[in-house]
Amino acid sequence: MAKTLLDKIWDAHVVKSIPGGLDVFYIDRHLIHEVTSPQAFDEIEARGLPLFRKEQIVATADHNVPTKNQHLPIEEPLSRFQVDKLTENCAKHNIELYGLGHQNQGIVHVMGPELGITQPGMTIVCGDSHTSTHGAFGAIAFGIGTSQVAQVMASQCLLLSKPKSMRITVDGGVKPGVTAKDIILYVISKLGTGGATGYFVEYAGSAFRALSMEGRMTVCNMSIEMGARGGMIAPDQTTFDYLNGREFAPKGEKWEQAVAYWSTLYTEEGATFDKELFFDAADIAPMITFGTNPGMGMALNAVIPTDVPASEQASYSKSLSYMGFAPGESLLGKEIQYVFIGSCTNSRIEDLRQVAKYVQGKKKAAHVEAIIVPGSKQVEKQAIEEGIDKVLAEAGFELREPGCSACLAMNEDKIPAGAYCVSTSNRNFEGRQGPGSRTLLASPLVAAITAVEGKIVDITQYLN
Amino acid sequence: MEKFEVLRSTAVPLPIENIDTDQIIPARFLKATSREGFGENLFRDWRFDNTGQPKADFVMNTGRYSGRILVAGKNFGCGSSREHAAWAIHDAGFKVVISSFFADIFKGNALNNGLLPLQVSDEVLERLLNQIEQDPQTTLVVNLVNQELEVPVWEEKFSFEIDAYKKECMINGYDDIDFLVNQKEAIEQYESNRPWAY
C-alpha cells in the first residue's frame, strides 16, 4: 500500500506495538529548556533512574532569559533560579548545554535547525508545543509535557497512538507582500484553533515548495495553533542545501548516504490521508489577527467577521471585547503602541533581513516601541555582520539579545495592559504578552510597515 | 499517581470555548521548579484583578459553585504543552474536566497526572452547563471503571471513551515511565538495527 511521509517515518520508529493501539515510539533527538525540564529531572532522580541516552539530548536557555545584558547575572530571582537549575542538571547528567553566553544559545526551535541537529526522517521532541517547527525538514516533531520529558530521559521512548493524517495543499504563486506567515495564518483562519486536533499535517503543493527552509519553519511552527500534533514538509533540494555543511549535519560519505535516504521521504502517489484540504495561493492576502486565538485572522484590509454561529457567539464577543474591537469593523487606521519582531515563528535571519530592507532609510513612528529579538546568538552575529543592527538602530528599532522574550512575556519584555502590539509571534491569547496586553499576529513585513506608520495599514500600497 | 475509580461530586461550570493553557496558568507563573502550588494561580487573570483581589463574578469566587469536577466549553486546553496547566487544575482540587473537545497535548498531560479529561457531546455539555448553573448542588458521578458519567437528577448515564491502557494506568495509579523502563531490552534491540540513522 502506498505510504505517506508520516507513515514512513512513524513506522521506522516503532520499537514495538502493544495491545490497545499504542506504540513504543523511539525518539532521535530530545531538546530541553529551563521551564519544562526541572520537574522531569526530579522525577527520574526520585526514581533512581539513569538518563538512557544523554548524548541525544541538547539543552538551551531561552524562555525566561533577559534580552538585555546577558553577560550579567539574571536579575529576576525566579528566572535566575530556573536557568541555574538547568545548568546544574546538565552538568550533573553530562548533557550538552548551550546556555547564556554560548555561541550556540538561542530559542530551542531556532537553535536546533541552524546547527543541523534537526534532520529529515528524525523524531524530535521538546517540552514545548512549537516543536512542530522541526517538521519543516520532513521530521516527526512535536511538543510534549513534562511527564513525557521524564519518559524520554528514562527510555528514549514515548507511548503513543499514531495520529490521524491530514494533507493541506496550497498551490499557485502568492501575491506581493504575502509571506510564509500569511499562508499559515490564512490556513489557520480557515480551520480554526481546533480544526486539526488529532491530526498530523503534511503541507504540500507549490506554495510550500517555493518557500525557503526558514519560511517552511514558520509554517510548521504554527501547526499547533490549529490543534495539530505536528506539521511536516517532505525534504527536497532546498532542505539538503540548507543542511549541507552545518555543524551537526552528516559529513563526507555519510552525507551522501543521508541524502540518498532522505530522498526516499515523500508521500507516495496514491497514498491516502484521513483528511485532505486544498487552497489556492492566489486567494491569500497579507494577514492579521483580530481576536484572542490564532484562528481569528483575516486579510489586513477585510472587516471583522459578523457571521458567527450562535453557539460560539458568547466566546466571540468576550474575545472582541478584550481586544476593544467590534464585529464588522476594519482594523485599518488603528493606532498601535508596540511592535514585537521575534519568537520561534519569525526571528531568523531572513525575517530580520526583510525588516531591515523595508525600514532602511525610514524611521519608526514616534509613539511606537519596536523591539526586535533575534532567535539565536548565530542569528544575532549574522545580523551584525550584515550591518542589519545599524539599519535597525537608525530606524529606531532596538535589536536585543536572543530569547523567547515578549512572545510569552516570562522575562521583563512585556506589553502593558490595554496596549496593542503587532507581533510576529504565534499566539494572541489573552494576556499572552503580559496581563491585559492585546496582540495582533502578523508577518515581519506587516510588523515593520506598522512600526513605521504607527497604525494598521493596507501594506499592499507600501510595497515597491 | 493517585488511583481513580469512581468520583461523586458537584461541579464548577466554565462555559467558555477555546480555553487555552495561558488562561489556565499564565506563563509568568511557570518559574517554579516543583510540581506543587500551581493551583493558587489557576485561571489567575480571570480569577484575580491586577492587585491580586478576587474578581467577584468569576465562577470560582462567587461562592455559588464547588466540587471536584470542572465543566468547560469546547476545545479545552489548547495552546502550549505546559504540563503546569494539568498540575494547576489538579492542585486546585479538581479530578475531572468535562468538555466536548480537548486539545491533544493537554489531554495527554492530564492523563499522566490522574486528572480525567472526560469528553461528552456538544449537546450533553450544554445541558450539563445549564443544569449546574440552575442548580449548583447537582451531583455528577464519574465511573471510570464502567466508563460512564451519571447525572442522577436526570436518571441518565452517558458512556465516554478512554484508551484502555490509560484507563488501566489511572485505575491502578501507574504511569508510562514504569512501563517504558521495562522495555529496555526491546529498545536496545531496536537501536542496533537502524542502518538509515545518521
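Including glycine, each Cβ sits where the backbone N, Cα and C put it.
Unlike curated entries, TrEMBL annotations are predicted automatically.
In the three-state DSSP scheme, A:CYS344 ([4Fe-4S] cluster binding site) falls into the coil class. The [4Fe-4S] cluster binding site annotation in TrEMBL covers A:CYS344, A:CYS404, A:CYS407.
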Checklist line | Three-class DSSP secondary structure - A:CYS407 ([4Fe-4S] cluster binding site) | finding: helix
Check: If the [4Fe-4S] cluster site is taken as the center of the Cβ atoms of A:CYS344, A:CYS404, A:CYS407, which further residues of that chain fall within 8 Å of it by their Cβ?
Finding: A:ASP62, A:HIS63, A:ILE107, A:HIS109, A:HIS130, A:GLY342, A:SER343, A:THR345, A:SER347, A:GLY403, A:SER405, A:LEU408, A:SER425, A:ASN426
Item checked: Residue among the binding-site residues A:CYS344, A:CYS404, A:CYS407 whose Cβ has the most other Cβ atoms within 10 Å -> A:CYS404
